[in-house]
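Take a look at the structure set out below.
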Amino acid sequence: MSFPRDASPRQRLISPSGIGLVLICLFLPFIGVSCDTGLGTLDVQASGWDLAVGGEPSVSGGGGLGRDVPRGFDPTGGGASVGEEPGDVGVHPLMLGGILALLTGAVLGIVLPSRLGRALGGLSTSALALLLFAINEVLVYSALEERMASEALWLSGSSEVGTRFGFWVTIALLIAVGAYNAVELRVAAQQSPLPYGGPPHGSVPPPPAPPQPPPHPPPPPYGAPPPWQPGPPPGAQPPGMHPPPSSTGRDDPYGPPYG
């Protein structure tokens, strides 16, 4: 069964371009902690790429507090991993898995020849990435709240843990990419060949069947006369037959008629 091919380069690049925009948005902050103390305001934020590859979060603060933050403070709620600098957020497998899913969807959207295959690949990979990003955000948020509760003695002022705008922008773009691929999947399914060898949608209909002879009339019920059948008109002879010769003589001056 062959699938319809889409030769429009612009349409083929819509889904991979959306996935590329999502990967760019991972540089925006995803999670952060804001602390207000007597010395100033402290704001620690980690981007999506920081969570995926174990980067160092950005730290900003007023009144010189940002320069006095200990390097061991982990904004994701966990300690430094082996072989990492203190203060690195560590590698989060869920974020890394979502990025790999997006890269797979972008490659499928470029190399697959069929419209149905590209739409199915883009929809499945974008949905998987959205799910992994959301689960990772919930886990990091919960770990941050626990860490801030344990750091309550060090942070004498008010503190706030929150999801940053980069996460919501990324989720919105993933929903848009998934919706586009869902529409493409529906259109491609309508244009693909029907199962069991049926003709494709929009093709020329098959020729009509040859005419069938009229059915014979049903037999009459028991005891009823047979149905009337039209016959030749009175006096008409069947084709190919001549009327019998007349018994009277002909007016022939040369003698009686022959025979």
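Note: Cβ is positioned from N, Cα and C throughout, glycine not excepted.
Curation plays no part in TrEMBL annotations; they are all automatic predictions.
What you are looking at is a predicted structure, and each value in this text was computed from that prediction instead of being measured.
Marked as compositional bias 'Pro residues' by TrEMBL: 196-246.
Residues or ranges marked as region 'Disordered' by TrEMBL: 59-84 (among others).
If you look up TrEMBL, you'll see 194-259 (among others) marked as region 'Disordered'.
Beyond its flanks by at least six residues, the transmembrane segment (12-32) meets 6, 43-52, 58, 75-76, 99, 102-103, 105-106, 109-110, 118-119, 122, 125-126, 129, 137, 140-141, 144, 161-167, 169-170, 173-174, 176-177, 180-181, 184 of its own chain at Cβ-Cβ distances under 8 Å. Here TrEMBL flags 12-32 (among others) as transmembrane segment.
According to TrEMBL, the feature transmembrane segment maps to 94-112 (among others). Same-chain residues lying 6+ beyond the ends of the transmembrane segment (94-112) with a Cβ under 8 Å from its Cβ atoms: 12-13, 15-16, 19-20, 22-23, 26, 48, 51-53, 118, 121-122, 124-126, 128-130, 132-133, 135-136, 139.
The transmembrane segment annotation in TrEMBL covers 119-144 (among others). The list of residues near the transmembrane segment (119-144) in space but at least 6 beyond its ends in sequence, with Cβ under 8 angstroms from a Cβ of it, reads 15, 19, 22, 30-31, 33, 48, 51, 75-78, 92, 94-95, 97-99, 101-102, 104-105, 108-109, 112, 161, 163, 167, 170-171, 174-175, 177-178, 180-182, 184-185, 188.
Under the heading transmembrane segment, TrEMBL lists 164-183 (among others).
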